[in-house]
Amino acid sequence: MGVPTALEAGSWRWGSLLFALFLAASLGPVAAFKVATPYSLYVCPEGQNVTLTCRLLGPVDKGHDVTFYKTWYRSSRGEVQTCSERRPIRNLTFQDLHLHHGGHQAANTSHDLAQRHGLESASDHHGNFSITMRNLTLLDSGLYCCLVVEIRHHHSEHRVHGAMELQVQTGKDAPSNCVVYPSSSQDSENITAAALATGACIVGILCLPLILLLVYKQRQAASNRRAQELVRMDSNIQGIENPGFEASPPAQGIPEAKVRHPLSYVAQRQPSESGRHLLSEPSTPLSPPGPGDVFFPSLDPVPDSPNFEVI
């Protein structure tokens, strides 16, 4: 029983090691860079212009084979994850508002797009990128998201996003200019923790079949070894003959044990080389008595008292 336990413990150690490696590989890009929002809430009066800003933080690879895809879209606050829904901004989708730039190139959207829809996207070399909205209306209120996708060799490697809310007010309670509220560190930590938890769950689900397969292989090997040990022990037991029992042919498939009768031994006199045995001679001291003889020798009578008269 000790061998299977050791094998199972080893399999679980290997499974934990594989899970840790996959988790580190999957969460490595999460810690590489992220998107920060300097302001989480913008409150602006109707008809005003506003610029929503996001900032790319962390080490960013500036190789020629790396491209960053940046864009904007509207969304709604979900119960599980923010920015999961992608809605257009003033009838422009996130494909229309995207920015492509490499490590040594900045990009701006065309001036015609800004004039037609009152929008303009911009980015710089310091990781800041923004979208400017002119002539705000009440319909512009809502949640806005910025998205950054890292593309290596024409394949998407990693994507991060940030969220902020825009409130357009009218009337006496509306401010004269836009008022911005900075983001709290707790919100950023919650977003990062949620991203890490989601990545860990996904990697765990992907690694679970591999871990189960490894455990199954180890248990199968342990079962085969146990079966071989049992067969070897059975062969050794069958090779030793029991002197008290003899296996008889089975009757109707049920083996029976046949009892051997104990061997009887009768002591007999073995003849000597001369053909006669000492005990067979009648005159020997240890020979059995003949017919009419007494085994013990007879003794002469002893007088009761000495004759004192004869001196």
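Including glycine, each Cβ sits where the backbone N, Cα and C put it.
For 33-168, the entry in Swiss-Prot reads domain 'Ig-like V-type'.
According to Swiss-Prot, the feature N-linked glycosylation site maps to Asn49 (among others), an assignment based on sequence analysis. Taken residue by residue with DSSP, Asn49 (N-linked glycosylation site) is part of neither helix nor strand, so it is coil.
Per Swiss-Prot, the feature N-linked glycosylation site maps to Asn91 (among others); the stated evidence is sequence analysis. Counting every protein chain shown, the number of other Cβ atoms lying within 10 Å of the Cβ of Asn91 (N-linked glycosylation site) is 8.
Taking a C-beta cut-off of under 8 Å and a sequence gap of six or more, Asn128 (N-linked glycosylation site) has these contacts in its own chain: Thr53, Cys54, Arg55, Leu56. Here Swiss-Prot flags Asn128 (among others) as N-linked glycosylation site, drawing on sequence analysis.
According to Swiss-Prot, the feature topological domain 'Cytoplasmic' maps to 216-311.
Positions annotated as phosphoserine by Swiss-Prot: Ser235 (among others). Secondary structure from DSSP puts Ser235 (phosphoserine) in a helix.
Taken from Swiss-Prot, the feature phosphoserine applies to Ser248 (among others), supported by a large-scale study or a structure entry.
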Sequence-distant neighbours of Ser235 (phosphoserine) in its chain (C-beta under 8 A, six or more apart): none
Taking just the CA atoms, what is the gap between Asn49 (N-linked glycosylation site) and Asn91 (N-linked glycosylation site) in Å? 18
If you count the other CB atoms within 10 A of the CB of Asn49 (N-linked glycosylation site), including all protein chains displayed, you should get 12
Tell me, roughly as an integer, the mean pLDDT over the topological domain 'Cytoplasmic' (216-311). 61
Would you identify the secondary structure of Asn128 (N-linked glycosylation site) according to DSSP, in three states? strand
